[in-house]
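K.L.:
My structure is below; once you've seen it, I'll send some questions.
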Amino acid sequence: MATSYLTDEQIAGFDRYKYCSVDTSPLSNYVMHPFWNAVVKRLPRWLAPNLMTFMGFLLLIFNFVLLTWYDPQFRASSSQHPDDPLVPNWAWLVCGFAHFLSHTLDGCDGKQARRTGSSSPLGELFDHGLDSWATMFFPTAVYSMFGRGTEYGITVTQMYMVVWVVMIGFIMTHWEKYNTGTLFLPWGYDMSQVAMFVMYIAAFFCGQDLWRTHLPLGLRFHYLFLFSFYGGFLFISLPHTIRNLYRSTSEGTGRNLSLYEGMLPLLSPALLFLLCVVWLIMSPTDIMEQQPRLFYFMSGTVFANIACRLIIAQMSNTRCEGVNALLWPLMVIVVGVCMAPLGQWELVLLIGYTVMVTLLHIHFGVCVVQQMADHFQINVFSIPGSPDGRPL
């Protein structure tokens, strides 16, 4: 029998749940949604929305694995590591197509659910839960275009901060919904997805040397890459979140939580960030330089578990947890890094912890999905009794 992670209170909250969202992005409303509306009309009605969501997520993993194979240490495009072979040119085209298809599936899954009458709280949880893990996969895939370095590339620590900017933007969107009851879809998401697709295609046609081009005013592409993430968060996402929270509070349209309960969802993400930064600073073997991909993956996986639990809390209208259980062993590891001469055991601890949190997060996700599917008496990847009579 699967582990029951959801409480009776949370299950009852899902029974009462009603989806409420606001999307004010011009790109989404005037470009992406019309395109997705046209695409979804051509999809077979037997195609399950959750299957579309899962396929889109697998395409992001495919990109991550493909570029890990050809560029495990982010050195293939680095001018400081000329002996490392370049990523094959065809890989950028494949990654661009996979990225475009993943974004399209992510944009069409909800429309397909409404079209087939198969919308459910499980579909939203499944979609946003996988999105929380994707916040690590898609920026790290793009990193291989620039590679490590300071002249034309980006340091592994700078890239780690970019990953965190993406993750913070995601958690703030759902923290905002936890307090207001409304999901305000961020402007930056579709912008970044379209921009990354363009970058993949440009890398295929122009080669990776494109990113070493000197631009006017002394600018370089990697500066623009960093600014697009930092600036997008500071000047678009964050002001929108502050404005929406202020309006909800002043107009009394939100959940009217106490300051403690309203801020509680930010505790675990803040602890995760603090622990990871302390680990990087105190690492005796400079673990980030040794294994950047592994460190990114570990951080993204723990973050995804934290985010999923917040999504469950805001959808079921229940109190968010305090400290995520996956952070306790991380605290022990960080204390060990700071106080003990670990040497190469540090890498062993990173690998072991990453494997552990990955297995636990997958187990959590599978059990939650199964528990909700059993409760709502639905199939996760099929639509019984589809209009054209085809079983899924």
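Each Cβ is built from the backbone N, Cα and C atoms, and glycine gets one as well.
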K.L.:
According to TrEMBL, which listed range is transmembrane segment: 83-102, 223-242?
P.N.:
223-242
K.L.:
Using Cβ distances below 8 Å and needing 3 or more such pairs, separated by at least 6 in sequence, tell me whether the transmembrane segment (263-282) contacts the transmembrane segment (51-70).
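P.N.:
They do not touch: fewer than three Cβ pairs between the two stretches lie under 8 Å.
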K.L.:
Could you pull out which residues elsewhere in the chain have a CB under 8 Å from any CB of the transmembrane segment (348-369), counting only those six or more residues past its ends?
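P.N.:
Distant contacts of the transmembrane segment (348-369): 2-6, 122, 125-126, 129, 133, 287, 291, 294-295, 297-298, 301-302, 304-305, 308, 312, 326, 329-330, 333, 336, 342, 380.
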K.L.:
Counting Cβ pairs under 8 Å that are 6 or more apart in sequence, does the total for the transmembrane segment (223-242) and the transmembrane segment (152-173) reach three or more?
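P.N.:
Stretch pair touches.
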K.L.:
Which range wins on Cβ pairs under 8 Å with the transmembrane segment (294-313): 51-70, 152-173, 325-342?
P.N.:
152-173
